[in-house]
């Protein structure tokens, strides 16, 4: 497959290109120093499937840049790499269609792990982000143990043990394929559990499911 790295810091871009070439030899890398150059590259090479985007490049409009890129091809998988590391920005990026968010402070091994999640069809956020999503005041109860709080929320939502297992693996950024393997279930069964989760949490996507569960107060050990 082909991937495009968009970053205007030459040293960072060169270092990451070297890392990706070593860790992902099957990926044919391209690079661009800004959004305009990236758009030109995508139009010239429509077979590019993955974009690694620094939201802070000089000609970026921030999150709307994701829409610019997807306007070229809605089949693109976009991973944001940014100096920003706050939960709100990361979640907003996923809501704009990003398949992952990797802070630039992430070490090489972490970048590799994150990209393997995305290339496997999953959605990646740093695990700590989920715990950074504060429960709403109505559900926050510091005097109650986390296990007891989880049990109460699970009971209130009417989640089955299998649905909880699927949600836990979603929160870890796992793809359907990995969830199938971990739970020894068929993909069709996983999709059925996902649809049930979306309905019970009143959401429309995997990311919204995880964030909503976190806001309700659910926490999973990493």
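Cβ coordinates come from backbone N, Cα and C, glycine included.
Quick look at what TrEMBL annotates:
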type	residues	note
DOMAIN	2-119	domain 'Response regulatory'
DOMAIN	152-217	domain 'HTH luxR-type'
MOD_RES	54	4-aspartylphosphate
Checklist outcome for this item: Simplified DSSP label at residue 54 (4-aspartylphosphate) comes out strand
Checklist entry - Once the chains shown are all counted, how many other Cβ atoms turn up within 10 Å of the Cβ of the residue listed as '4-aspartylphosphate'? => result 22
